[in-house]
Amino acid sequence: MSGSGNLMDFLDEPFPDVGTYEDFHTIDWLREKSRDTDRHRKITSKSKESIWEFIKSLLDAWSGWVVMLLIGLLAGTLAGVIDLAVDWMTDLKEGVCLSAFWYSHEQCCWTSNETTFEDRDKCPLWQKWSELLVNQSEGASAYILNYLMYILWALLFAFLAVSLVRVFAPYACGSGIPEIKTILSGFIIRGYLGKWTLLIKTVTLVLVVSSGLSLGKEGPLVHVACCCGNFFSSLFSKYSKNEGKRREVLSAAAAAGVSVAFGAPIGGVLFSLEEVSYYFPLKTLWRSFFAALVAAFTLRSINPFGNSRLVLFYVEYHTPWYMAELFPFILLGVFGGLWGTLFIRCNIAWCRRRKTTKLGKYPVLEVIAVTAITAIVAYPNPYTRRSTSELISELFNDCGALESSQLCDYINDPNMTRPVDDIPDRPAGVGVYTAMWQLALALIFKIIITIFTFGMKIPSGLFIPSMAVGAMAGRMVGIGVEQLAYHHHDWIIFRNWCRPGADCVTPGLYAMVGAAACLGGVTRMTVSLVVIMFELTGGLEYIVPLMAAAVTSKWVADAFGKEGIYEAHIHLNGYPFLDVKDEFTHRTLATDVMRPRRGEPPLSVLTQDSMTVEDVETLIKETDYNGFPVVVSRDSERLIGFAQRRELILAIKNARQRQEGIVSDSVMYFTEEPPELPANSPQPLKLRRVLNLSPFTVTDHTPMETVVDIFRKLGLRQCLVTRSGRLLGIITKKDVLRHMAQMANQDPESIMFN
């Protein structure tokens with residue numbers, strides 16, 4: 001096997017557009033790396049010539065950190081603005097602030113002088129729509145009016161969002177993470193990270209989250225941060241002219257996106273490493289860390305949650321967890337794994353149906369229908385009416401003395417004299433039982449509606465709905481265990497750690513563990529998930545329960561299928577993505593996969609010095625291959641190198657414009673010296689500079705296991721198959737993907753990107 005040597009021998013006189021790629025093509029990682037090494041070598045040698053060149057080399061070295069700083073600042077600012085706008089628009093569905101209509105409910109009541117602590121949600125400045133329009137706050141007519149206004153606002157927000165996406169930026173829909181993973185693996189999707197996508201995704205994200213649909217803003221925020229990364233990397237030639245270097249920036253931008261989505265900078269870096277990145281050198285790790293830090297710092301300065309904290313769901317539990325509780329935690333892990341499997345299968349089946357039937361032709365109608373159903377069913381239940389983030393926050397909370405939530409409606413002991421923080425376990429009151437059946441209904445509704453919501457033509461994240469499902473299930477289990485411990489404290493499992501009058505079970509902790517389990521079941525994250533969860537809640541001493549639940553949910557979900565939701569969507573869309581986690585264990589050889597196969601026409605090749613410009617142009621016109629092997633002659637088939645289609649086209653076009661005497665009959669040669677030609681023949685065209693003299697080659701008896709590994713680890717586009725130096729065939733990335741699909745008993749044509 002041969003690696004990639006100096007490919008840059010054709011850059012002695014570069015022409016425009018050389019080295020760029022067409023849309024929906026894969027980049028050549030080896031070549032990009034080689035180009036960057038050459039660029040770096042040139043800058044280093046020039047830096048010794050003058051003080052100005054030395055300053056330029058310093059600026060070049062610092063440009064990476066400058067890009068990270070800019071990404072962090074912009075991503076943090078956008079996240080803060082999105083959070084503030086979502087707060088206001090979510091409350092707008094229920095009422096409006098009279099003193100300043102741009103205040104959310106909470107801001108409105110905190111600025112009011114007439115607000116008391118007990119009735120902190122009620123203040124004269126905040127009016128529900130029924131009070132404003134018909135001057136009634138109670139009664140059936142007020143309820144119906146509020147109900148209608150809620151539905152109308154939700155429909156308006158959703159309609160605006162889907163229309164903006166359709167008209168201005170079709171790529172702004174979905175979560176964005178499957179596509180980001182594919183782009184980071186070396187695929188080119190032009191416009192996916194463009195300025196329009198950034199603008200529309202930011203605006204529509206606010207609209208869809210405010211509409212009350214069962215989706216989150218976390219996944220789309222990764223897409224938004226990557227758009228910022230793409231924008232800033234286009235300002236520096238080091239990144240704009242090298243697709244490999246640009247992907248290092250995008251990896252770090254993904255980390256900044258998670259950092260601001262959850263207020264979890266370290267979790268963001270680990271998420272980028274574990275979940276989205278394909279090539280993650282140590283340098284990118286440090287830069288991701290810096291970008292995540294700047295983004296988190298910017299968000300903290302904006303302070304969108306008004307609690308001077310980065311995190312959404314800060315919790316303070318006052319009791320430790322006990323060994324016996326690991327059993328319910330592991331059960332929640334099993335639930336998370338089962339829900340993950342159910343969700344992926346149903347969602348993929350529905351999305352496939354959308355792609356293959358008439359349903360896909362009416363995206364606006366689909367969004368309107370799902371929004372209407374969501375709003376109609378959600379309003380009567382207080383747990384589905386509010387925003388999902390608020391719901392999770394309430395489910396995570398521990399019941400303190402000042403809590404007014406229904407979930408904290410316990411029967412108090414009148415003789416209780418204890419510090420405020422450490423309230424003992426108490427019997428559940430009416431409010432808790434009401435909350436339990438409302439939560440059960442909310443859980444069923446969330447499970448069903450999320451399956452149909454994720455994948456519509458609007459920005460939609462999956463983190464928050466998955467966490468909500470887990471948090472509801474977890475809180476119900478937690479209350480169950482708490483009541484069991486209170487009524488049966490003499491049982492052997494409770495006797496050692498749960499005395500009467502002690503505070504031993506924290507239902508909020510179960511909600512937190514359940515949320516982690518469900519998120520793990522859907523995405524199959526482990527390490528980054530646990531770190532995100534404890535950064536998100538500040539619950540550092542609960543790492544072990546979180547780890548137990550995350551690992552269990554991954555095991556259970558993996559038993560039914562190895563794919564997480566993002567990999568499943570990558571396969572559904574047929575992106576050419578070679579997953580590092582997939583194992584290839586079949587005993588096939590390169591000769592079984594290479595083309596041409598028996599009975600197919602021979603391989604299209606170029607000879608080193610016997611083809612005319614017209615011959616090559618005809619070959620390019622008649623085929624749609626991305627490149628052609630160059631051989632000594634048709635008879636010997638000895639391999640010389642490989643020429644990319646796009647560069648041949650550009651080189652011929654350039655030569656016709658700039659060089660005199662180049663006509664259709666001119667002979668093209670790839671050697672150092674021109675071939676011997678008759679006296680009256682036209683001027684030959686030298687194309688050695690577009691020839692890759694060291695294409696990657698394997699022999700025909702190389703096991704496919706090795707070939708798949710080479711494609712994965714080196715990010716190849718194609719690899720030539722030889723025997724004793726003679727060219728036999730070619731294997732492209734698509735051939736590898738087709739072969740893997742065939743070996744897994746799937747339809748090989750279904751995986752190709754259309």
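Here the Cβ of each residue, glycine as well, is placed from N, Cα and C on the backbone.
Automatic prediction, not curation, is the source of TrEMBL annotations.
Feature annotations, reproduced from TrEMBL:
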TRANSMEM  62-86  transmembrane segment
TRANSMEM  147-169  transmembrane segment
TRANSMEM  189-209  transmembrane segment
TRANSMEM  221-237  transmembrane segment
TRANSMEM  249-273  transmembrane segment
TRANSMEM  326-350  transmembrane segment
TRANSMEM  362-379  transmembrane segment
TRANSMEM  435-455  transmembrane segment
TRANSMEM  462-481  transmembrane segment
TRANSMEM  509-534  transmembrane segment
DOMAIN    594-660  domain 'CBS'
DOMAIN    691-749  domain 'CBS'
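When averaged over the domain 'CBS' (691-749), pLDDT in the model lands at 89. Beyond its flanks by at least six residues, the transmembrane segment (147-169) meets 89, 92-94, 129, 194, 196-197, 199-201, 203-204, 207-208, 210-213, 363-364, 367-368, 371-372, 374-376, 379, 385, 456-459 of its own chain at Cβ-Cβ distances under 8 Å. The transmembrane segment (362-379) shares more Cβ pairs under 8 Å with 435-455 than with any other stretch in the list 62-86, 189-209, 221-237, 326-350, 435-455. With a cut-off of 8 Å between Cβ atoms, the residues of this chain six or more beyond the transmembrane segment (189-209) that come close are 23-24, 78, 81-82, 85-86, 89-90, 157-158, 160-162, 164-165, 168-169, 171-172, 176, 179, 182-183, 215-217, 220-221, 223-224, 226-231, 250, 387, 458-460. Residues 202, 205-206, 209-210, 217, 221, 224-225, 228-229, 232-233, 235-236, 238-239, 249, 252-253, 256-257, 259-261, 283, 287, 290-299, 301-305, 387 of the same chain sit 6 or more residues outside the transmembrane segment (62-86) yet have a Cβ under 8 Å from a Cβ within it. According to DSSP, the secondary structure content of the domain 'CBS' (594-660) in residues is 24 helix, 17 strand, 26 coil. Ranked by the number of CB pairs under 8 Å to the transmembrane segment (326-350), the listed stretches 249-273, 435-455, 509-534 are led by 509-534.
Ranked by Cβ pairs under 8 Å to the transmembrane segment (462-481), the stretches 249-273, 435-455, 509-534 are led by 509-534. Beyond the transmembrane segment (249-273), the same-chain residues lying 6 or more positions past its ends with a Cβ under 8 Å from any Cβ of the stretch are 64, 67-68, 71-72, 75-76, 78-80, 180, 183-184, 193, 217-218, 221-226, 228-230, 232-233, 239, 279-280, 284-285, 287-296, 298-300, 309-312, 463, 525, 527-528, 531-533, 535-536. Outside the transmembrane segment (509-534), and at least 6 residues removed from its termini, the chain residues within Cβ reach (under 8 Å) are 258, 262, 264, 266-268, 270-271, 273-275, 315, 317, 321, 328-329, 332-333, 335-341, 343-344, 392, 395-396, 462-463, 466-475, 477-478, 481, 540, 542-543, 545-547, 549-554, 556-558, 563-566. Cβ atoms under 8 Å from those of the transmembrane segment (435-455) belong to residues 174-175, 213-215, 339, 342-343, 346-347, 350-351, 354, 370, 373-374, 377-378, 381-384, 391, 405-407, 409, 462, 465-466, 468-469, 472-473, 475-476, 479, 565, 569 of the same chain, restricted to positions at least 6 beyond its ends.
Here the domain 'CBS' (691-749) has, by DSSP, the following mix of helix, strand and coil residues: 24 helix, 19 strand, 16 coil.
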